[in-house]
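Scroll down for the structure; my scribbles are underneath it.
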């Protein structure tokens, strides 16, 4: 579409991951396997939590929500990338690109906020055990998660609408495997100062607030754990917290490096590598971290397997 001397782009080309045709097909198989592991692992969490009413507790309620979000999170980007490689069709429409951007921002923010809520839940359980049932009741948990969904959708809508008002008239090649903020801003021939400001202010608020709350929660948790006299109890508590914190560091570290790097210093290769870490690797390892080390989850899984074998 032409406006004056400008050609307005209505389609984009997703270059995906660089490499030869053989490397591309190898990567497609690799990411397909990782995607199937992610879907299977997170679906297993949801099924296990739903199977045993003893797991109908706030901790597992948030965990099953995190599993659902991780499924949606990876499903927003990975299937499209695999289809593009297999069919050798890299084109995505402007509307399709904005839709992918909207859902991606929604799920990445929901992932972040759920990690924050889970750390707060652990804080209440360890530091205020006598008030746990009154604070973390089912009604409050449902309202909290519903509120988080509304907030994340509004945040994603803000970025999507701002992106929709930009003109793209230079190149239509996105050096990424999905439509993300920095690669799109790099292609725009409009003034992107407002978009950049919103990313740093609003996006920074969404990224830093949960992270600060997580650090405060774990600071108080560690302070309480140090007062435990049992060495075995301390080791168990530190092990559990260490697993969660490792996911937090992996997720926030890579996501912050992507979204808080100015678009002028955007490097496609490094951005793609960091994006793979928090869009593919983190959702895949979450079920192993949160389930395989959890005795209640393992016992319920054994019950499910024994029941299936019995029938």
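Placement of Cβ uses the backbone N, Cα and C atoms for every residue, glycine included.
Automatic prediction, not curation, is the source of TrEMBL annotations.
As given in TrEMBL:
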type	residues	note
TRANSMEM	26-51	transmembrane segment
DOMAIN	41-290	domain 'G-protein coupled receptors family 1 profile'
TRANSMEM	57-79	transmembrane segment
TRANSMEM	91-110	transmembrane segment
TRANSMEM	130-151	transmembrane segment
TRANSMEM	158-178	transmembrane segment
TRANSMEM	198-225	transmembrane segment
TRANSMEM	237-260	transmembrane segment
TRANSMEM	272-292	transmembrane segment
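Only residues 6 or more beyond the boundaries of the transmembrane segment (158-178), in the same chain, are considered here, and those with a CB under 8 A from a CB of the stretch are 6-9, 11-17, 76-77, 80-81, 84, 94, 97-98, 100-102, 104-105, 184-190, 192, 194-195, 198-199, 202-203, 268, 271-272, 275, 279.
Counting residues 6+ beyond its ends, the transmembrane segment (26-51) has Cβ neighbours under 8 Å at 17, 19, 60-61, 63-64, 67-68, 70-71, 74-75, 78-79, 81-82, 85-86, 280-281, 283-284, 286-288, 290-291, 297, 300-301, 303-304 in the same chain.
The average pLDDT computed over the domain 'G-protein coupled receptors family 1 profile' (41-290) stands at 84.
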